[in-house]
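Q: Input: one structure, supplied below.
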Amino acid sequence: MISSLRGTVLSVSGQTLLLEVHGVGYGVSVTPRHALELRHGSEATVLTSLVVREDSLTLFGFPGPDELRAFELLCGVTGVGPKSALAVLEHLDPEAMAQAVAAEDDAAFRRVSGIGPKTAKLIVLQLAGKLFVTQPRTRSASSAASTVTADVVTALIGLGWSERVARTAVDDAAAAAAEQGLPADMPRLLRVALGMLGPQQPAGAPAAAQAADR
């Protein structure tokens, strides 16, 4: 089993990290929030969970033990697969997850794309008493990045796009900023996301794009 990897970041695209370890490149699935912390050419260490399927082997990577444990606990919940678990961690860090479970706040999980009311309730029920944060992370760049991406997604939804389309565009915009080493602030992400959506723009989007360019 591969429990961790340490090496050089060759690329970060969307939710895929390519990490070179002793000449071998490993493709690792990460959250967009985690991807924003990684830079091309830098050294990085990720804790990993290997998910084995009949036709595939997929590595999921995390910045710390709390994220890894939260991911594995989520994957143990009925109806939650690895991709859905990663989506939850994009919206809620382990500390926020623990607080939501303790408060029986299933609404916090319903906000995650792909998590319905029934699954959200199961998460709260099945994770009760299991989530403990051992290394609280300071709410610095990663937390700020998550807030910014959520705000941009909300803005795009308000302009008429579906949550799925909006989130995909923002994730791609955030990944592009990370690859170029540029700050992922709200004006930049909104401008780039609108540019990616292009011809799909609903009424009112062009004005928002002009506002973002100012």
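Using N, Cα and C of the backbone, Cβ positions are placed for all residues, glycine too.
Copying in the features that Swiss-Prot gives for the protein in this structure:
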- 1-63: region 'Domain I' (REGION)
- 64-139: region 'Domain II' (REGION)
- 139-143: region 'Flexible linker' (REGION)
- 144-214: region 'Domain III' (REGION)
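Give me the lay of the land around each of these features.
A: Secondary structure counts, DSSP: the region 'Domain I' (1-63) has 4 helix, 40 strand, 19 coil.
Averaged over the region 'Flexible linker' (139-143), the predicted model has a pLDDT of 49.
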Q: Per DSSP, what is the residue count of the region 'Domain II' (64-139) in each of helix, strand and coil?
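A: For the region 'Domain II' (64-139), the helix, strand and coil counts are 45 helix, 0 strand, 31 coil.
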